[in-house]
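J.: What Swiss-Prot lists as domain 'ClpX-type ZB' is 1-51. Annotated Zn(2+) binding site per Swiss-Prot: C10, C13, C32, C35, in sequence order. Look at Swiss-Prot and you will find 53-77 tagged as region 'Disordered'. If you look up Swiss-Prot, you'll see 57-74 marked as compositional bias 'Polar residues'. The annotation ATP binding site is assigned in Swiss-Prot to P143, T144, G145, S146, G147, K148, T149, L150 on the grounds of sequence analysis.
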Amino acid sequence: MAKFEAHLKCSFCGKSQEQVRKLIAGPGVYICDECIDLCNEILDEELIDNQTKTREANNPSNKNHTAITSTSKPAPTLATIPKPIDIKDFLDKQVVGQEVAKKILSVAVYNHYKRLAWQGDGNQETDLTATRLHKSNILLIGPTGSGKTLLAQTLAELLDVPFAVADATTLTEAGYVGEDVENILLRLLQKADMDIELAQRGIIYIDEIDKIARKSENPSITRDVSGEGVQQALLKMLEGTVANVPPQGGRKHPYHDCIQIDTSQILFICGGAFVGLEDIVQKRLGKNSIGFMPTDSRGQNHLNRDLDNNQMINNLEPDDLIRYGLIPEFIGRMPVTAVLEPLNSEALEAILKEPRDAVIKQFRTLMSMDNVKLEFDEGAVTAIAQEAFRRKTGARALRGIVEELMVDLMYKLPSEKNVSDFTVTKKMVDEMIIGGKVLKLPSNEKIDHPESA
């Protein structure tokens, strides 16, 4: 037996067991430690080659970095940044009301991009004694449908910068099922056509930020992976850091290269309804409970409660947000707070008619493609606005109501050749609201349009 063992050798290189450190036996074969090391080197080389090919195929930011940066839009200069008054004038064309919020946003956005222009001139790099300008992110507080997302979107349109919207309710702390916070940056990068420099000057709007408030005022012994954990994960990104973003989204992988994005120049705007925040404010102020007021069939008296609640929110202090569930560090990184007012029926009427992309203007354009002139009389506009106000979902309700109203009309009109114009009246809107009836073409097809009620 000893004689047999003396002749054992590696089945691959032929070296005997005396010539190597280790000889591992298998079913009828042997392999030495030197051959194992050689196999590992071959596998590592193939793995690196495959990673390089995959990265070049799937990561355009690395493959075309030189081409992308050479065609990137120039950084803003003080001469090209619109002034706060001009910014507000542009917002007025798209957003009805919210005068105070628009003024706050105009100043905050102007200062942010003025800071970028100042840094782009090299002031902060050449003069070590120069004052450092820090970023001021924005927190928007307002009921649903009051225009929070539209304000942020309109600002990005004016400034011609990439704009991405993220939903805070989908985010979770790293290591748990859900989206990592870095995926927010990937959306912005995709909006910028993978242009890193352009993305770093963009705007990110994080909606439903109130939904990541921690569940209780006191820290819990259990993990709050979609509440306080997400707030902690967002801190560095909001303040300004170099984040590693997986180019394909999802979780980070140790074998995948990440794109590095500097968030110090990205403007973050967070928005939420913060339902119940007014109760926290009124408790601090020692006010009597507002309570729900009696309403008529149209829900008109709800407006008084909304206005009182809005007055409460205007007395907001950071401590109220902490009691609501935001951590102090998170609030400190959102120094600019703008409160949006609830929309009354008059504001909803204006939203129906006045903005560039008003709902009525959109439907007129759609009908004009079928050579039909569509009109809404004043009574119809008022009735639609009052119904939207009753539904308590803000401006979002307007389009849904008009869609319900027009569905049958828009189904038949494209096939009608002898209808040149159509007027929507208050009677038609009331019939739809009360009886669920939709607009129909006149029974006499020779009539161009129905008489106003």
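Cβ coordinates come from backbone N, Cα and C, glycine included.
Just so it is clear, the model here is predicted, and its values are computed rather than measured.
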J.: Work through the binding-site residues one by one (T144, G145, S146, K148, T149) and name whichever has its CA nearest to the CA of C32 (Zn(2+) binding site).
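T.: Closest candidate to C32 (Zn(2+) binding site), judged by Cα separation, is T149.
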J.: For K148 (ATP binding site) and C13 (Zn(2+) binding site), what Cα-Cα distance in Å is obtained after rounding to a whole number?
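T.: Rounded to a whole number, the Cα-Cα distance is 71 Å.
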J.: Just name the winner among P143, G145, G147 (the binding-site residues) by count of other CB atoms within 10 A of its CB.
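T.: In terms of Cβ crowding, the pick is G147.
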J.: Spatially speaking, which of the binding-site residues C10, C13, C35 is closest to L150 (ATP binding site)? Use C-alpha to C-alpha, please.
T.: C35
J.: At 10 angstroms around each C-beta, which of the binding-site residues T144, S146 has the fewest other C-beta atoms nearby?
T.: T144
J.: If I restrict to non-local contacts, at least six residues apart, and a C-beta distance under 8 angstroms, what lies near C35 (Zn(2+) binding site) in its own chain?
T.: C10, F12, C13
J.: Residues near the Zn(2+) site, C10, C13, C32, C35 excluded, by Cβ within 8 Å of the Cβ center?
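T.: These residues sit around the Zn(2+) site: S11, F12, G14, K15, V20, L23, Y30, I31, D33, E34, I36.
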J.: Suppose we draw a 10 Å sphere around the Cβ of T149 (ATP binding site). How many other Cβ atoms does it contain, all chains included?
T.: 15
J.: Suppose the ATP site is P143, T144, G145, S146, G147, K148, T149, L150. Which further residues of the same chain have a Cβ inside 8 angstroms of that site's Cβ centroid?
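T.: Here the nearby residues are G142, G271, L340, G394, A395, R396.
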J.: For C35 (Zn(2+) binding site), what is the secondary structure by DSSP, using just helix, strand and coil?
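T.: Assignment for C35 (Zn(2+) binding site) reads helix.
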